[in-house]
Amino acid sequence: MFNASLNGFAVVDPFDVESPVSCGKLRILATYCVFIFIGSVLANTSLLWTLIYYKDLRNSVNAFMIALSSCNLLGSLIEMPLVIVSNFNCKWYFKKAGCVFGAFIMYSIGCISIFLLTAISFERFYIIYKPMSIKSINQKLSLIIISACVFFGVLWALFPVFGWSHYSLEGAMTSCSVEWNERSFNVVSYNIAIFAFVYFLPLIAIAYSNLRLIFMTFRSNRLDLDHSAMRSLNQNLKKFKDPKNITYGKKGIRNMPKFANGSDGNLDKKMLKKLKVERELTVSTLILIAGFMITWTPYALVSMYSAFIDHGKMDPLTATIPSMFAKGSLIWSSGIYIYTNKQVKKKFKRLFMNIEEPTSFSMIKSYSMENPQSKNESQISKVDT
């Protein structure tokens, strides 16, 4: 331990202190972190490779997932090794520079993640609420939103580096985060700001959009559109029969729906299939967001308790466990998305397990109904032979 003498008083380096938790318990936490590290690297790498490899998976929500998985992979490769080594050594091993760097990386990822999930929630709400605008969220807009999420996430994480609050050891003194226990105006004002703008506002936005999504998605027991939605969509489509409602641009008609079926303007099966996929994707993102909030909420509650209610009196191990549980989001988000998203799961099996899902009888029947001409052609070919 580093001690210095200042006017006869011993000065203790706050980043070179023994952990108040026993080594046995810390090494159990280290083992848990090893599993999180391995699982996160495998899950995020697999998801990234799948989404990038298959061009038909390059849609707006998957663009957000690429950004989220990239952040999780970065946190796993940079911050997790610091925590693992420190827990195995029963004290923080990387001094002040390592503490600030590791906390900045992990805190940036946490901020970026909640901003990205907020963007995903509104993207899903927009797609389901306005199905006629399915093509409106293009790649360029997605990149702008992702860049904004990254910018504001990094900005909030940079404030403690430049003097608004600061990073310090927390809980068992084997990991670092924003200072929660100090009662100076500098620290308290920052803590109030981050809980307001980085936690509660995104949480309210996520809750609002997802509750509306849940209502719209599960309003009907069938996967296809209910009668009221079908009638509304068909009315929207029919208005394009009037030439006054068509907008022309340099590349032709801008707002003409691509799923109109014939001259009657009714919704065709291609559009219904697209909407069904969007609804399934919405369910997947709802589960993903729920998993993220479950892993981070205990840590947020403990942090608020330490920051505003009873600072410095919580048991170190009790204060540490929620932060370790929150690190599980590095693996759960990608794992949940792979498992719940049917399209991604199918591509994942094909890419990494060489498994081709058999074509179901319903799909064959649907194809034959949509393509009666192919059946007639096959019969003609048999007669010719």
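From the backbone N, Cα and C atoms, a Cβ is placed for every residue, glycine too.
Since the structure is predicted, the reported quantities are computational estimates derived from the model, not experimental observations.
Noted in TrEMBL for the protein shown:
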- 43-337: domain 'G-protein coupled receptors family 1 profile' (DOMAIN)
- 29-52: transmembrane segment (TRANSMEM)
- 64-88: transmembrane segment (TRANSMEM)
- 100-122: transmembrane segment (TRANSMEM)
- 143-167: transmembrane segment (TRANSMEM)
- 187-211: transmembrane segment (TRANSMEM)
- 281-301: transmembrane segment (TRANSMEM)
- 321-340: transmembrane segment (TRANSMEM)
Listed stretch, out of 29-52, 100-122, 143-167, 187-211, that has the most CB pairs under 8 angstroms to the transmembrane segment (321-340): 29-52
Remote residues contacting the transmembrane segment (29-52) - C-beta distance under 8 A, at least 6 residues beyond either end: 58, 62, 65-66, 69-70, 72-73, 75-77, 80-81, 83-84, 87-88, 172, 174, 320, 324, 327-328, 330-331, 334-335, 337-338, 344, 347-348, 351-352
Contact ranking winner - 64-88, 143-167, 187-211, 281-301 against the transmembrane segment (100-122), Cβ under 8 Å: 143-167
Cβ-Cβ under 8 Å with the transmembrane segment (281-301): same-chain residues at least 6 beyond its ends: 61, 110, 113-114, 117, 120-121, 124, 127-128, 195, 199, 203, 206, 210, 213-214, 217, 322-323, 325-326, 328-329, 332-333, 336-337, 340-343
